[in-house]
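Copied straight from Swiss-Prot:
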DOMAIN    12-75  domain 'J'
DNA_BIND  154-272  DNA-binding region
ZN_FING   281-373  zinc finger
BINDING   Cys318, Cys321, His329, His333  Zn(2+) binding site
BINDING   Gly444, Pro445, Val446, Asn447, Thr448, Gly449, Lys450, Thr451  ATP binding site
Amino acid sequence: MDHQLTREESQRLMHLLKLPMEQYGNFPLMRKAFLRACKIVHPDKGGSDELSQELISLYRRLEESLPCLSTQDFIETDILQIPSYGTPEWDEWWKEFNKDFDLFCNEAFDRSDDEQEPQPDDSAPIILSPTYPARSQATPPKKKAKMDSPNDMPADLMEYLSCAILSNKTLPCFLIYTTLEKVELLYNKLSEEVLSPRFNQVDHKYGRKYVPIFIITGTKHRVSAVFNYCATYCSVSFIVVKGVIKEYPLYCHLCVEPYSVLQESIEELNSEFFDAPEDAAKNVNWVAISEYALKINCDDIYLLMGLYKEFQSPVPNCSKCENRMLTNHFKFHKEHHENAFYLQLVENQKTICQQAVDGVIATKTVDMAQMTRNEQLAARFDKLFERLEVILSAQSSYTISMFMAGIVWFENLFPGQSFKDLLLELLECMVSNIPKRRYWLFTGPVNTGKTTLAAAVLDLGGTIYISDCYLIELEVANSQIHGCVEVLAEKVKIRLPPGQGINNLDNLRDHLDGAVKVNLEKKHLNKKTQIFPPGIVTSNEYFIPFTLRVRFCKKLVFKFSKYQYLSLKKTECLGRYRILQNGCTLLLLLIYHCDLDDFAESIQGKVRAWKERVNSEISVSTYLEMRQCCLEGRYSVCTKYSNANTAQ
């Protein structure tokens, strides 16, 4: 190596490699330094072309003077000279290879008892050949001691344990199975650190060296988390951990033969720490909650949770059941009391109620897709009949006289016009749903009854209410259109701050037309395409653009009436009980003035019953008297009937 490079060249090479001269000859280190230096001095890396050529030239000259340092070359050369095993050439090569080695040992060993093979003749040397390989005298490795440990829990405990292998479910109770020596350590560690055992340590008498530990933790954990924690203290000893699904039965089973309690942190546990055996199998009835939400037509998750929470109170002393005013309570309290008690114990109350609400929305969607609009309106009338049964019960503050006062107020709203015919025409427009013939415009001065009538129609047909037509409110309202029969857009403004009502409504021309389906969005749900429902638009005396005027089939002009204003002011019960905004008022108006054949056949029985009840309590003379009082701006509820009903 020194003969290829001069002293000066060697020093120059080590300088380029940035190595001290003491490392000259340490070829592996010089090789690494060479590769590193090539990256530094290479022209493409910003180095010098002259230094790069000088480094490579010196290193190549040094490398040529060295013998082959790769063992792979020797191995490949040696392998090429050895013939294939099992051939006559290999036998000849093997004899030639071993001819200079004398492995004979003139020595005798005492024969052990377990040796079965005969000793070879001492006079002949042992020849190492493929046919007679030499016997090794090395000490064989010791076999690992076989641990006779169980792989699973005792069979009599399996019915109380979870057999899930790959599960992320968290549990509060676990059973740990390990050796008797590790039990005391684990019991103390579980008490001090991660987990807190509430009770007991039990001796398994089938071998008396394996012991289960039954623990309950403050919070829920995965089985794998408990196993990993215990495994840190059981590197040699076996450990089995399983979740407990029947806590109290397992505890009782471990307290009797063939088990015995060694130690427990709380003595003589009772069922209060667990679910009772008869209650363990009981769960919240999701179907019952879904059926309840469907019966009361509740699509608000928080309202449903609140209503169902009221069922937890005892039935005998419930004031709402005694008053019998809220049908969504007193009709279902007794039936759902027990299920409401179990609902308060679970953590996924919102999930359960959300599923029930989704079921209501799904039912509405199916009804909209399969039922005709006549059938939908008849179903709405049927629900209003149920409401009338409740609010006109014996314990209610409502009276038929109040509703008749509301009827005569509506009949005097448009002098010279039949309000019954006007209402029937409006309902016919909503039911027929003809494109560009489906929206009505209520316009007029302030405080003339536009919103009052529109709200009553809204409650009669089951509509959605849009106030002022703000853009953000329209976006929210679009998500609520699903399942609606009609729409009310109220207080549409123009040229007044903020004054964007007409502009926003003008952007909904396709919605108002009803000729094509439009996309309706709801949060967290996909877009739904449907015909936008018909409806009513209320507005003050503003200019309506032509693009909107052509989409209104009728325009009702409201005018201020002093006698209507005074009558409403003096008849306080109409405002206090919101009689005029109640759809039941318009329904009773139709029942009172229309023939039985004008109604759908499915509800004619209820119409006949209510017509008889109204005629029996309100005579024709009483009705005419109430109407005259309204025209004169006086108290319009029949005083005689009202006092008689109050005395009762």
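Cβ from N, Cα, C; glycine included.
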Please identify, among the binding-site residues Val446, Asn447, Thr448, Lys450, Thr451, the one with the smallest Cα-Cα distance to Cys321 (Zn(2+) binding site).
Thr451
Which one is closest to Gly444 (ATP binding site) in space, judged by CA to CA distance, out of the binding-site residues Cys318, His329, His333?
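So, of the listed binding-site residues, the one sitting closest to Gly444 (ATP binding site) is His329.
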Nearest to Asn447 (ATP binding site) by Cα distance: which of the binding-site residues Cys318, His329, His333 is it?
His329
By DSSP assignment, list the helix, strand and coil residue numbers for the domain 'J' (12-75), in that order.
48 helix, 0 strand, 16 coil
Give the sequence-ordered list of residues that share a chain with His333 (Zn(2+) binding site), lie 6 or more positions from it, and have CB atoms under 8 Å from its CB.
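Result: Glu310, Phe311, Val315, Cys318, Lys320, Cys321.
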Once Gly444, Pro445, Val446, Asn447, Thr448, Gly449, Lys450, Thr451 are set aside, which residues in the chain still have Cβ within 8 Å of the Cβ centroid of the ATP site?
Asn540, Phe558, Phe560
Given Lys450 (ATP binding site) and His329 (Zn(2+) binding site), what distance in Å do their CA atoms have, once rounded to a whole number?
34
Using an 8 Å cut-off from the Cβ centroid of Cys318, Cys321, His329, His333, can you name the remaining same-chain residues around the Zn(2+) site, in sequence order?
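Close Cβ neighbours, site residues excluded: Glu310, Phe311, Ser313, Val315, Lys320, Glu322, Leu326, Phe330, Lys334.
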Can you grab the distance from His329 (Zn(2+) binding site) over to Pro445 (ATP binding site)? Cα atoms, rounded to a whole Å.
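Counting only the Cα atoms, the answer is 42 Å.
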Any same-chain residues 6+ apart from Val446 (ATP binding site) with CB under 8 Å of its CB? Would you list them in sequence order, or say none?
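For Val446 (ATP binding site), the qualifying residues are Asn540.
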Sort the residues of the DNA-binding region (154-272) into helix, strand and coil with DSSP and give the three counts.
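Grouping H, G, I as helix and E, B as strand yields 38 helix, 39 strand, 42 coil.
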Specify the secondary structure state of Asn447 (ATP binding site) as given by DSSP, simplified to three classes.
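In the DSSP reduction, Asn447 (ATP binding site) maps to coil.
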Tell me which residues of the chain lie with their Cβ under 8 angstroms from that of Thr448 (ATP binding site), as long as they are six or more apart in sequence?
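Spatial neighbours, sequence-distant, of Thr448 (ATP binding site): Phe558, Lys559, Phe560, Ser561.
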